[in-house]
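Per TrEMBL, the features are:
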type     : residues                        : note
BINDING  : 30-37, 146-149, Val175, 183-186 : ATP binding site
ACT_SITE : His37                           : active site, proton donor
BINDING  : Gln61                           : beta-alanine binding site
BINDING  : Gln61, Gln152                   : (R)-pantoate binding site
Amino acid sequence: MKIIKNIDELRENLKKAKIEGKSIGLVPTMGYLHEGHASLIRRARKDNDIVVVSDFVNPIQFGPNEDLLTYPRDLEADSKICEEIGVDYIFAPEASEMYQDKKVFVDIEDMSDHLCGAKRPGHFRGVLTVCSKLFNITGADRAYFGQKDAQQVAIIKKLVSDLNIPIEIIPCPIVREEDGLALSSRNTYLSKEERKAALCLSKAIFAGEKLAKEGGSVEEVIEKMEEIIDSEELSKIDYISVVNLKTMEDANDFDGDRLVAIAVYIGKTRLIDNFIYRS
């Protein structure tokens, strides 16, 4: 396994694989890997001849008052996880390597204005820009993303479709702790008390999904989820929304594929979770 920090060096290493017709799988991450990331990497390892994991805390997807400076980083630990799974290359560039003058960006109208996009202006512009660069740099055949960031998955699929980027986007299931909490690098911010309180997210998700499958309306599902989250005094709801899975527009029924997504503050830490309903 090689750790590469230079774009040209990564391209040179991947050139031979492309010439030989080998498939390349890309797992874009911001590092501080956990079992959720590991599940993506294992899927990529199963599907491809060559696996590249990007380990890059992308500064342009953070807002001015967000946690860019405190976001957890541990390349050494990440390397051990990647090596155990059989990753070929870790791409861990500095921000100065990825962005020269920050004058070219990629964005999508409308889809990025809902859910996390509405609450975090500019976030998806940063995500789409870095993904466009990673797709271009690696020439990967497939890229793997966790369904916990379901809006991100939908937007990246739209990016690839509309810009005719020759890469397959593969969403992978949410990975949870034994008690239900969705895995996230930001879980490390939680105190012991907050960690316990954070279970209100998964409890709300499971209850909402059950009610939707039983025929509950959008209003009833949202009300039930609000009730569960509000019962936890350390929680503050950022949003609970039901949207069209493809367009990310608000939906007032469960007639079609729907994303039911939540963002909740536990103390100062913002966590997200979701479920997908297919009629």
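Every residue gets a Cβ built from N, Cα and C, even glycine.
Predicted automatically and left uncurated, TrEMBL annotations should be read as such.
Here the candidates are the recorded positions Met30, His37, Gln61. The one whose C-alpha lies nearest to that of Gln152 ((R)-pantoate binding site) is Gln61. Here the C-alpha separation of Ser185 (ATP binding site) and the residue listed as 'beta-alanine binding site' works out to 16 Å. For His37 (active site, proton donor), the same-chain residues that are 6 or more apart in sequence and have a Cβ closer than 8 Å to its Cβ are Val27, Thr29, Ile81, Gly146. A separation of roughly 20 Å, to the nearest angstrom, links the Cα atoms of the residue listed as 'beta-alanine binding site' and Gly36 (ATP binding site). According to its DSSP assignment, Met30 (ATP binding site) is coil.
For Leu33 (ATP binding site), the same-chain residues that are 6 or more apart in sequence and have a Cβ closer than 8 Å to its Cβ are Ile41, Asp55, Ala77, Asp78, Ile81, Cys82. Using a 10 Å radius centred on the Cβ of Val175 (ATP binding site) and all shown protein chains, the other Cβ atoms total 18.
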